[in-house]
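Below: one structure, written as structure tokens.
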Amino acid sequence: MQLTSFTDYGLRALIYLATLPEGELTSISKVTEVYGVSRNHMVKIINKLGQLGYVDTVRGKNGGIRLGMPANRIILGDVVRATEPLQIVNCSEDFCHITPACQLKGILASARSAFLAELDKHTLLSLIDNNPPLLVLLDRPVTE
């Protein structure tokens, strides 16, 4: 299953925000610079993540963005469910004439469930915890 770029960059943005000291603000521009992503696309992503409570957005001269909840409470499967259209195939009878006899839909639904179940085992914190190479790649300080 391939994630949309929206979900992919949303997860990447959350990873970057999770590497910041608690409460520290950064800018959307910084996140786009780190990942080389379109600022307009990232604004839409951060807006959605903000609506979902994963990101706090602070307006004003000293504003910015930061995680909206502790990284250990952000479950990857929940983020994917909230940002990803999870319909793998269109199985309506109008679209496919074998729908009444097809077993593929059930198999794909099981595969999607297994995919999400694996993501449910991991939090945002588990991606960054004890991962100095990631911190180096994100140009974040590595603490011993």
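Each Cβ is built from the backbone N, Cα and C atoms, and glycine gets one as well.
Summarising the annotation, Swiss-Prot assigns domain 'HTH rrf2-type' to 2-129.
Summarising the annotation, Swiss-Prot assigns DNA-binding region to 28-51. Residue counts for the DNA-binding region (28-51) by DSSP state, with H, G and I taken as helix and E and B as strand, are 21 helix, 0 strand, 3 coil.
Classification of Cys91 ([2Fe-2S] cluster binding site) by DSSP places it in coil, neither helical nor stranded. Marked as [2Fe-2S] cluster binding site by Swiss-Prot: Cys91, Cys96, Cys102.
Here the DNA-binding region (28-51) has long-range neighbours at 5-6, 9-10, 12-14, 16-17, 57, 65, 68, 83, 138-139, meaning same-chain residues at least 6 beyond its ends whose C-beta is under 8 angstroms from one of its own. Counting Cβ atoms from all protein chains shown, Cys96 ([2Fe-2S] cluster binding site) has 14 others lying within 10 Å of its own Cβ. Listed in sequence order, Thr99, Cys102, Leu104, Lys105 are the same-chain residues six or more apart from Cys91 ([2Fe-2S] cluster binding site) with CB atoms under 8 A from its CB.
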